[in-house]
Amino acid sequence: MSDVVNLLDFDAQGLLAYCESLGEKSFRAKQLQRWIHQSGASEFGEMTDLAKSLREKLATRANIQAPAVISDHLSSDGTRKWLVDVGQGNAVETVYIPEETRGTLCVSSQAGCAVNCRFCSTGKQGFSRNLSTGEIIGQLWMAEFAMRKQLGRGPKDDRVITNVVMMGMGEPLLNYDAVVPALALMLDDNAYGLSRRRVTVSTSGVVPMMDRLARDVPVALAVSLHASNDALRDVLVPLNKKYPLAELMAACRRYLEFAPRDFITFEYCMLDGVNDTVEHARELLRVVADVPCKFNLIPFNPFPESGLKRSNNEQIRRFSQVLLDAGIVTTIRKTRGDDIDAACGQLAGEVKDRTRLAERGKFGKIVEIPVVGADSTHRMGTA
């Protein structure tokens, strides 16, 4: 029925308003929220402490509907990727990364991505649409309770997922109105109860929305930097033409006034001969000089259309040493899940190709990129 609402679309305020619209008392909203997000209930008949009259109302007017799982892949390193159906021929990926002391879920916010970073295979397919709040939080709901069931864990046992990163398909801050309620649910003690330090939003640098996020839900922030100067970043991250590095760094400083951590994480994809020289690293130090930060260096995950190569390990080590010598905490991301195309930048989705070449500039053409400290430009091959 067209008027059936998905309760996964509601944060605490939305669920309260919905219960009031049904003539119910406010405490019913908290009961519902705990059943949905702490017990994983998907049928109203399971909610035994709700009045029978409320359960009957909900059965005809609402549902609890996460995106349907199309496929479920397990990597040799324990990484798990779900491909989920978000309708209209679109699918997005959700990736779980297990570690000794935590379990991190990488969540998608859009079907496709309009930012079109040059090194990201997700951007190759173009942009279809924003996900709803229910489709975003539904990825966490689906993954948490699927793994709980598999492990035999009950509602009072420790959660499987301890950290969430908005680093899947899409630019979260270009879907702000749906992402913020999903973040609120992740933090809500009547839902997932994660601390702000354990929830990270990754952005390519949508400056106005970074400022809004700082005021509304100041979770940990990661910024996809990937270049040490505007000329290079204009090509690698085209959004830089709208919000260049000086504006982006100023926004990072403002965000730190509200952030749960006292630093910004800068993500930097290591591209052979493009952005990986010692000169680039030194230039980078000048760019971030007044921003408390750490760096996460990401070995590039090659895909055929990119025309790019991964920096070799020695070059990554030299680059990282420049940052470390300057006192900046620097990590090199361990490649995880690349045998199931779940590694960073590989979330292309088994969906129809939405690329509109006329609208996507130079993607697929020879692109000349200035290399700092080199005598010539680096030419990236055709996609």
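Just so you know, glycine gets a Cβ as well, placed from its N, Cα and C.
The S-adenosyl-L-methionine site recorded in Swiss-Prot comprises GLY170, GLU171, SER224, LEU225, HIS226, ASN301 together with one of SER202, SER311, SER320, namely SER202.
Separating the Cα atoms of CYS113 ([4Fe-4S] cluster binding site) and GLY170 (S-adenosyl-L-methionine binding site) is a whole-number distance of 4 Å. Taking GLU93, CYS106, CYS117, CYS120 as the recorded positions under consideration, the smallest Cα distance to ASN301 (S-adenosyl-L-methionine binding site) is found for CYS120. Of GLU93, CYS106, CYS117, CYS120, all annotated as recorded positions, the residue with the shortest Cα distance to LEU225 (S-adenosyl-L-methionine binding site) is CYS117.
The Cβ of HIS226 (S-adenosyl-L-methionine binding site) lies under 8 Å from the Cβ of CYS117, PHE119, ARG233, LEU236, VAL237, GLU267, TYR268, CYS269, ASN275, each of which sits 6+ residues away along the same chain. Take the Cα of SER202 (S-adenosyl-L-methionine binding site) and measure to each of the recorded positions GLU93, CYS106, CYS120: the nearest one is CYS106. If you take the C-beta of GLY170 (S-adenosyl-L-methionine binding site) and look for same-chain residues 6 or more apart in sequence within under 8 angstroms, you find VAL92, SER108, SER109, GLN110, ALA111, GLY112, CYS113, THR122, ASN130, LEU131.
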